[in-house]
Amino acid sequence: MTALHRLIRDPRLFWGGLFALTLALSLFAGDLAKDIGAKWVMKFPKPLELPLDKLISAAMKWLLEEAAIGPLSFHAVTRFISALIEAPYLAVRGLLVDGLQRGQGSYAVQILPPLSWIAVTTIFCLLAWRSGRRGLVGLVGACFLYLAVFGRWESAMATLASVLISVPMGVAGGVALGILAFRHPWAERAMRPVLDLMQTVPVFAYLVPILFMFGFGPTAALVATVIYAMPPMVRLTTLALREVPEEVAEAGRMAGCTRRQLLWKCLIPTAMPMLMVGVNQVIMLSLNMVIIASMIGAGGLGYDVLTALRKLDIGGGVEAGVAIVVMAIALDRLSQAEARRVPGTGRGGRLVWIGLAVILATSALGYVLPFVQTYPAGATLTTGTIWAQAIEWININLYDHIEAVKVAILIGLLLPVKGFFLGIPWAWGIVAMGLIGWRMAGWRLGLMALLMTGFIALTGFWPEAMITVYLCGVSVFVAMLIGVPLGIWAGQSDRANTVLSALIDTLQTLPSFVYLIPVVMLFRVGDFSAMIAVVAYSIVPAIRYAAHGIREIDPQMVEAGIVSGCTRRQILWRIKLPLALPSLIVGMNQTVMLALSMLVITALVGTRDLGQQVYMALTKANTGQGIVAGLCVAFIAIMVDRILTAAARGMERGEAGHG
Amino acid sequence: MDRPVMLDCRGVWKLYGPNAETFLARHGAPTAETLRAAHLVGAVRAADVTIRKGEIFVIMGLSGSGKSTLVRCLSRLIEPSGGEVRFEGRDLLQMGEAELIDLRRKRMGMVFQHFALLPHLTVLQNAAFPLEVQGIDRKTREDRARAVIELVGLQGREGHYPRQLSGGQQQRVGIARSLIVEPDLWFLDEPFSALDPLIRREMQDELLRLQARLQKTIVFITHDFDEAIRLADRIAVMKDGAIVQTATPEELVLNPADAYVAEFTQHVARAKVVRLATIMAPLGAGPFAGDLPGQARVGDVADAVERADLPHRVLDEAGQPVGQVARQAVVDVLIGREVPR
């Protein structure tokens, strides 16, 4: 009894023992089971699997075909929502891409042209000008010129139309729900778990049921985009309203505001800077999702990338990818400038007239001089061949080196880890997760981990889940290995901080889809490519939180170290790193979340994890499978999040290493 | 001649913690120990305050003494756990939402410690805000706002935004905003605490100047005893949520109720609070150097009394001579000898 007690209390014994046991089981249990003919040890018995996916599929089918409240069928509701979204979308699309048309499809006759490329570029430059920053005008102008010059105009405008429709919807919905949560505690209690789940369920998993309900096309894509981009707005709205100083609310009440006046005249305007941060997030998430949603018919730039990837058209892929990047940067910087704009600065009124004048002038001129209306196809540039040649050159000259590195990492890192995770018998996996959860944060988390892992085994996705864990684990390990030293460097040197901040800001702006392009070009498909893409996408929080952790250290602590005669190395290892550890763990947590979300997208480059299951469900419109596999990913994310949060909290309380 | 009562509060309690209201209803007047046993915090305990029309009533206490909570109970920004608050005889705590809003729109104004200006509005719009929420048209409300902005000495800055102003200027906007509805009851919650000492003094003078002109009923919260005796007609000293003593500055200094109040008063220069009426001798036959009001503080008239070889006559508020004061009595106060009463 005392021996068991010691085993549990002593952290080294507990974690060492757990790892040794798991390793031993992973190495030998498989062969052992084969010898005694107990196949169920490694493979979850088929008859016991929960046919959850079939149940969900059947339920969805029932919902769509038979469910009704009185005379109002569910199908009618989805049709109504479709129509509600489609009308404004078609209007904006008409404005930007198609022009005003009469008739349908290929018989359509254009009555009025869409906004000319000059007009759109000018409008966005004027928006930039409004913020009063000259540099921004140049940047935005250059971004839109790129889209025109490299022949991406139409796709870019289609994407822009989707963003322009989904952002107001996402913001309005988010603000409304956020206000509800702010006013009524019960609403917040009800919403929090849903929001948690929504932020961890992989993006593809959203697409499957929506595709099923709304059919293939831009409407489904828009619905998915709005749902995906809304949660952060809900959270930020509640938070921003809470952060308004109590005195401001009291001043409003003493002035005799009604509840409504208090909200709209005092609280919301005071919270506006933070709400604008939320708007920026909605814009970026919408763009990210619109790109991904090209798989269910959103069209636009995402579709260009997707077709280029399928055709292995290197130049086309890179240029469309850069177009996405360019658009993301323009929208991000514009919305950030707008968020930072303080009342009483910038320029207003007259700009509207300038904008209108340009629209009218270019539209009129466009009838006479076609190049004013549409950027002439003859004048477009393409760097496609250059990219193709560059990749070809790399493949010819550096192929051996790249291949050597790839094989070394595959054999030295990826395959052993993969073998380790796949070798773990499912039953032990469940027990081990339960133990870890219990050790980190008590029996509640232990039970939750036990149930969630058990759910994964029951669904029959155990091997896929293990591949997800392995790829995610390796990627996070590499991301931390590169990101933490960079972050420490940025935390200690201002110059490094400036450079890395610019890099991080750009990396964070890019839609996840873009990361696949160079990876596939250079490393082709497979686990290694997936790992590189995941690392590139998820490294940002590793760097950011490490730098933050180092910077936040009380300078007196460092001074105490200097006075005690520490060398620089000792100060780093003995003072700074231990103090920054909780921040590092939080960074790792964020890295894991980003890695999981990216991992699902890397299904496109041929991994065999849960993401692949979701992707397959998407192509087959198999709702049940998509939702169940998506839930598995969400459960993994939730478990990791809770365990790492508990670890960071324990460390801040100073329990690290003491047990 | 007592002035009419504007705000009367009897036995007001504010408890924080689980089931505070039912606990209070059951226990009536719990002690500090029973509160602690029930895991409740007594932010305001059995406070009695009577505020009369036209006076400056200061509530003084250190941080955590419950003074800000009390003033919020008086304005019903927070709901007291128990007790009674009457505004001109009407029960404030029984008022419905609409009635309360109407009362705040027409009769009350409040100034806040950290100004609580709206960042997206200009000085003019901030000052006009209480009229805006009443739905008064732009021209009327902006004319009125210009008038109050001039009253607080900020003319020329109507188009500025709060963040372009210094702390003192921001608080002037806060004052202008609270005055625009011409309130009868004016709450000032530590209005000068966030300001630098020099500015603070200037703003106190400004407040006295405004009060001389407007004659509002003022409830003023502060943690600064010097500020309290400078401004107050009467002071309520709070400690741990309870009111320890309510008195004029002079009474407070001369007769502190307990050791806690005495600790504040012992370093106060007597001449700043003691009035001539308190130290005057019975009226003699004369001759006299001149007449002085009995309400005058010793420090303010010390120079005149000390210079004169003859005593001064002391007049009461009606202008009738009631006593006399000579050099020695003033010197006694100035150098801090025990004052006879």
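Quick reminder: no glycine exception, Cβ is built from N, Cα and C everywhere.
Automatic, uncurated: that is what TrEMBL annotation is.
What TrEMBL says about this protein:
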- A:107-129: transmembrane segment (TRANSMEM)
- A:136-153: transmembrane segment (TRANSMEM)
- A:156-335: domain 'ABC transmembrane type-1' (DOMAIN)
- A:159-182: transmembrane segment (TRANSMEM)
- A:203-230: transmembrane segment (TRANSMEM)
- A:286-306: transmembrane segment (TRANSMEM)
- A:312-331: transmembrane segment (TRANSMEM)
- A:351-372: transmembrane segment (TRANSMEM)
- A:445-462: transmembrane segment (TRANSMEM)
- A:465-644: domain 'ABC transmembrane type-1' (DOMAIN)
- A:468-490: transmembrane segment (TRANSMEM)
- A:502-522: transmembrane segment (TRANSMEM)
- A:579-606: transmembrane segment (TRANSMEM)
- A:626-644: transmembrane segment (TRANSMEM)
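The list of residues near the transmembrane segment (A:445-462) in space but at least 6 beyond its ends in sequence, with Cβ under 8 angstroms from a Cβ of it, reads 44, 46, 48-50, 52-53, 426-427, 429-431, 433-439, 610, 613, 628-629, 631-632, 635-636, 638-639, 642-643, 646. By the Cβ criterion (distance under 8 Å, sequence gap of 6 or more), the transmembrane segment (A:159-182) is counted as touching the transmembrane segment (A:286-306), at least 3 such pairs being found. Residues 112-113, 115-116, 118-119, 122-123, 126, 129-130, 379 of the same chain lie 6+ residues outside the transmembrane segment (A:351-372) yet bring a C-beta within less than 8 angstroms of a C-beta in it. With a cut-off of 8 Å between Cβ atoms, the residues of this chain six or more beyond the transmembrane segment (A:626-644) that come close are 52-53, 56, 196-197, 200-202, 204-209, 433, 436-437, 440-441, 445, 448-449, 452-453, 455-456, 459, 461, 464-465, 468-469, 472, 585-586, 588-589, 592-593, 596, 600, 610-611, 613-614, 617-618.
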